[in-house]
Amino acid sequence: MLIKTANEIEVLREGGRRLAAVLREVVVAVRPGVTELELDALAEKLIRAGGDTPAFKNYQPGGANIPFPATLCVSVNDAIVHGIPTHRALEEGDIVGLDIGLAHKGLYTDMARTIMVGEVSTQDRVLVEDTERALSLGISATCSGARMGDVGAAIEAVARPHHYGIVRELGGHGVGHAQHEKPYIPNYGVKGKGSKLMAGMVLALEPMFNIGTEEILLGEDGYTYRTADGSRSAHFEHTIVITESGPEVLTL
């Protein structure tokens, strides 16, 4: 359902706080030498310790040939989203996207951050900072009575001056009773256009910017999306609820 009840929103608040706490601990573990699978194992351990369920593990979205095998999506450098964790060790200068979700009392929340591993290039640092800023501005535009295009336009306005590639095939979405619900939320748009936003909607906003082309490729694993030109990509995401007084971030 597009509109969540007050009780459902309270459960989502609880779940969002739990999810944010898990991701904070995983981020602390990010360093040169740690493997993607070690981060994944930590994320699963923390979620289950709280009595919740990893949202992504064994989830099979439409079009996928196999269920997703991990708790955490780990997307390094040119990987945009949905990277399957491997034995690869992170290296100084990497940027790594960590995307995570959980089910708490049957309701889902979702969030992501891109983390800089040690010292990174100025270009990569600015990319990461701009993508996070785009999420913040997109959230600010997500108000009752606003249009979907207002959200996309706010995100797009950050990318355009830097000529970032804006991923068009992927975007934000409703969330709550399922991991992916309507509406779809593109990371570009025209102010005043699109469907109207309403109080009670719970949405996952997630800008994805590439240093180079907006073109993307799906890897052989059936999940990992990469930039077509090998340029680096950053991704941030929060689950929010629209209230009568404005947007409220649930994953803090």
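Positions of Cβ are set from backbone N, Cα and C atoms, glycine also.
Per TrEMBL, these features apply:
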type    : residues                       : note
BINDING : His82, His180                  : substrate binding site
BINDING : Asp99, Asp110, Glu237          : divalent metal cation 1 binding site
BINDING : Asp110, His173, Glu206, Glu237 : divalent metal cation 2 binding site
DOMAIN  : 11-244                         : domain 'Peptidase M24'
Students should find that the Cβ of His180 (substrate binding site) has, within 10 Å, a number of other Cβ atoms equal to 15
Sequence-ordered binding-site residues within 10 Å (Cα) of His82 (substrate binding site), taken from Asp110, His173, Glu206, Glu237, are none
Around the recorded divalent metal cation 2 site (Asp110, His173, Glu206, Glu237), other residues with Cβ within 8 Å of the Cβ centre, ordered by sequence, are Asp99, Met111, Ala112, Gly172, Val175, Ala204, Leu205, His238, Thr239
Binding-site residues Asp110, His180, Glu237 vs His173 (divalent metal cation 2 binding site), shortest C-alpha separation belongs to His180
Glu237 (divalent metal cation 1 binding site) to Glu206 (divalent metal cation 2 binding site), Cα to Cα, whole Å, comes out at 4
Between the binding-site residues Asp99, Asp110, Glu206, Glu237, the one whose Cβ has the fewest other Cβ atoms within 10 Å is Asp99
Among Asp99, Asp110, Glu206, i.e. the binding-site residues, the one with its Cα nearest that of His180 (substrate binding site) is Asp110
Least crowded of the binding-site residues His82, His173, counting other Cβ atoms within 10 Å of each Cβ, is His173
Residues sitting within 8 A of the centre of the Asp99, Asp110, Glu237 CB atoms (divalent metal cation 1 site), not counting those, run Cys73, Ile100, Gly101, Met111, Ala112, Ala204, Glu206, His235, Thr239
Expressed in Å to no decimal places, the gap between the Cα atoms of Asp110 (divalent metal cation 1 binding site) and Glu206 (divalent metal cation 2 binding site) is 10
The correct three-state DSSP answer for Asp110 (divalent metal cation 1 binding site) is strand
Mean pLDDT across the domain 'Peptidase M24' (11-244) comes out at 98
According to DSSP, Asp99 (divalent metal cation 1 binding site) sits in strand
Between the C-alpha atoms of Glu206 (divalent metal cation 2 binding site) and Asp99 (divalent metal cation 1 binding site), the distance in angstrom, to the nearest integer, is 10
